[in-house]
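Working notes for the structure below.
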């Protein structure tokens with residue numbers, strides 16, 4: 001396969017984790033501008049584990065996801081008491097705090113004669129486990145795709161067991177959800193943990209794909225994009241945010257003719273879709289219609 | 001079965017509910033009426049846990065609900081509808097009922113069994129509720145796309161889905177026509193016949209007087225009368241509250 005195509009597809013896959021992370025919180029009724037922080041935490045945690053501690057890849061990536069989920073739950077415990085704008089600001093503040101902390105985070109150890117590990121604002125290079133194991137970009141793309149499909153299948157399972165519908169209840173009207181016997185705070189913390197874990201998983205995979213990460217990559221714009229993916233693609237199904245990523249990275253960033261205007265076109269697209277289809281292209285009405293049709 | 005004991009709710013200096021004591025008996029349709037701002041909706045919010053009372057207690061079948069969170073009251077058997085309809089607009093009609101039922105803690109053991117009856121094949125009780133509220137053909141439509149009357153019916157079904165012992169109806173006739181009012185009366189009786197005790201808050205006097213067994217009247221947060229519809233209609237204090245005090249004197253002066 002063409003190396004450029006492989007790299008574009010890998011990016012689409014990697015940012016789909018971040019988009020799904022923000023999407024889960026959108027379903028739970030919260031806008032988070034801070035999911036890039038969990039992406040960063042996953043990237044750094046997994047990178048340190050494999051490059052500095054010499055853990056195997058699977059354990060390192062899993063560790064990144066677990067840490068993302070844990071910190072997500074920990075932050076949500078107080079933050080879930082906020083709603084709307086206040087929640088958005090709280091998540092934004094946390095993400096900027098994380099980025100600022102990474103800027104001064106030095107943890108370099110001697111690995112085979114080289115100083116390896118995060119070096120503050122200079123970033124964190126030599127996350128080379130995947131390359132040293134001889135895994136080419138093509139097979140690594142297959143790893144990303146498999147994990148993404150597994151996550152989508154898991155969300156499908158959750159939907160079938162009615163978990164997603166309960167999360168939507170909490171998101172739409174927490175008071176009514178409580179009236180119906182749903183434990184709202186527990187759901188909000190659970191959603192934040194799942195979202196943090198997903199972003200952490202994506203971050204760990206990203207670090208091993210890029211081999212180099214630096215705090216500046218995890219800026220607010222990354223988080224804003226993550227939210228926009230769900231809003232463009234649609235809130236009705238897990239495929240919605242992934243469609244959003246496809247449109248942004250697949251179409252706007254990768255078509256070289258459009259790349260220079262990416263931000264302008266993307267911003268305009270978000271505005272138009274929010275006016276015409278407030279809940280995105282694949283919204284709940286469409287999904288319900290497709291489901292009703294499929295059952296016939 | 002449902003008892004309010006010296007219940008009060010003060011918002012700053014406003015005594016929205018002020019020392020109300022009431023007992024609602026099992027299986028009856030109990031009306032709660034009063035002029036605007038008399039504390040009816042606040043009383044409902046105190047029973048369902050949306051507000052915490054300033055003083056007093058709420059008990060259901062001897063269980064003290066006063067300090068319970070909302071979801072716990074739901075599993076004890078309290079359900080309500082809202083004056084301004086509240087539904088999950090982005091969930092389907094069936095999901096509004098189906099989820100409500102399974103969100104119920106006592107039914108947690110059924111969690112995995114849902115795998116075997118996903119989507120269209122809802123549990124028998126959900127099907128029955130859909131039939132009861134004449135919404136079966138709309139089960140896969142998003143609740144937000146229903147007509148006003150259908151939303152009202154779905155809201156009552158949603159409240160019934162949690163299998164309540166007592167159902168609080170907050171102005172169910174608001175926005176309904178006279179004809180709808182007739183159907184509503186039948187529906188409320190049908191709910192009572194399912195073994196659910198009904199607390200009806202309503203402005204439409206015809207409806208309240210026609211179907212309730214007993215009525216309590218609130219005015220400025222206090223209970224000013226309690227009795228059968230007939231007794232209430234003849235109560236001078238109630239007439240004064242609705243028509244304004246000094247009414248009789250003014251009339252006398254005018255005719256003099």
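Positions of Cβ are set from backbone N, Cα and C atoms, glycine also.
TrEMBL lists transmembrane segment at one of the ranges A:189-207, A:208-226, namely A:189-207. Tertiary neighbourhood of the transmembrane segment (A:259-276): same-chain residues 225, 228, 231-232, 247-248, 252-253, selected by CB-CB distance under 8 Å and a gap of 6+ residues from either end.
No contact links the transmembrane segment (A:140-159) to the transmembrane segment (A:61-80), because fewer than 3 Cβ pairs that are 6 or more residues apart lie under 8 A.
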